[in-house]
């Protein structure tokens, strides 16, 4: 954390001109804080955090989400149920994050652990996005492959920068919280900006044009790999890689077998998988239905931007009000409210909001804000619980594994929602059963309440793993490096992995 005495001196100088210069104090303090991070770390690292979190994941993730929605609907002309399945496929690279983490920590390339992976991620993103933008009649399977490759580029960059953040947090422990704040702030500002302009860009240049613009963030990730300050370590013994991979795998398997670990993991997966995702069906209804609101691209982008504000408010509410509540109690109420909030979609689809005199646009803004706020409140305890399940020595690797389990749960929800839309015959032009899909989804959101016994009831500030888990000699040799494997910011966490969440 920034030293308090320096901040106090700085604030006292500014307070002489208050209240006329209150805004100058805030801006000046923020600039001083940012300069402190740059001076304590290397400027290229801070630049990398801003590019990967703010530009690639925040702004780029927002633009990519809206562009893909319209690309699937207007260019590829797929059904809502199919689009739901394809969105799950493109998220697969996020499910193998432990593999990316192990590679960036254990397998250096040309003597560097981080730089080559940034270069590769940026190159992969540029090639895939430009191919999507420039190809006139791209086959659907090839389009899915390119979208998945672009997602892999973002995921690899995410894991690599998280490893850098974890490493610098270890070197500068007093600045660890400030680094997480920088990550969260960059991501939130980028997402808000991206959603604000996404609809306008899609309207002006189309979804394929937006893909062309997204090659710029990927190119900046490539630039991070070229300029990042990292010590060169030649003469690496690659014969040790296999042993280290095996050691990390054994350590994770040993940890997963503990009842204190697999029971919460099972709950986390089921709580996500059973909350079916039918957002593609709702999106098609919002934009295409004759009886629906017929929102324009600009409206869709603005609605998403309002939702990102609700998500940020949810994170702040958890941090300052709810973080000390027991896991089981907090998950009970958030899951209950999450199910009830889904009834807003039900009211909108049946047009009941018009009967009470509430316009569609105003109602959907409230719906999206409430949805993102509650979803963030539901997600935050799961992230904190995941961090509590990580044993010493393999914290980063195991946390990445838990995030992969959560992403598999999101994939299951996406494919399950697509199957439900298919069974109920919700298509591009037929939405007569969409209300029933919403009711089924809302009911299934209640089912995780029956499995809360899998979650520990203890104090969230106490340790869940009561004893040290056994470790092998190989694991002990790799503990120091495993500590540096990607750690995800609790505020940023789903994120953008939660980019899959819709209205």
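Any Cβ shown, glycine's included, is placed from N, Cα and C.
According to TrEMBL, the features are:
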type     : residues : note
TRANSMEM : 41-63    : transmembrane segment
TRANSMEM : 117-134  : transmembrane segment
TRANSMEM : 140-161  : transmembrane segment
TRANSMEM : 182-205  : transmembrane segment
TRANSMEM : 211-229  : transmembrane segment
TRANSMEM : 266-287  : transmembrane segment
TRANSMEM : 299-318  : transmembrane segment
TRANSMEM : 330-350  : transmembrane segment
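Residues 69, 72-73, 80-81, 83-84, 87, 293-295, 300, 331, 335, 338, 345, 349, 364, 382, 385-386, 402, 405-406, 408-410, 412-414, 416-418, 420-421, 426, 428, 431, 434, 437-438, 440-441, 444-445, 447-448, 451-452, 454-455, 500-503 of the same chain, all 6+ positions outside the transmembrane segment (266-287), place their C-beta atoms under 8 angstroms from a C-beta of that stretch. Same-chain residues lying 6 or more positions outside the transmembrane segment (211-229) and placing a CB less than 8 Å from one of its CB atoms are 42, 44-45, 47-48, 51-52, 55-56, 59-60, 63-64, 67, 71, 114-126, 129-130, 132-134, 150, 153, 157, 161, 164, 201, 205. When Cβ-Cβ distances below 8 Å are used as the criterion, the transmembrane segment (299-318) is approached by residues 62, 65-66, 69, 184, 188, 191-192, 195-200, 202, 286-287, 361, 364-365, 368-377, 380-381, 491, 498, 503 of the same chain, each at least six residues removed from its ends.
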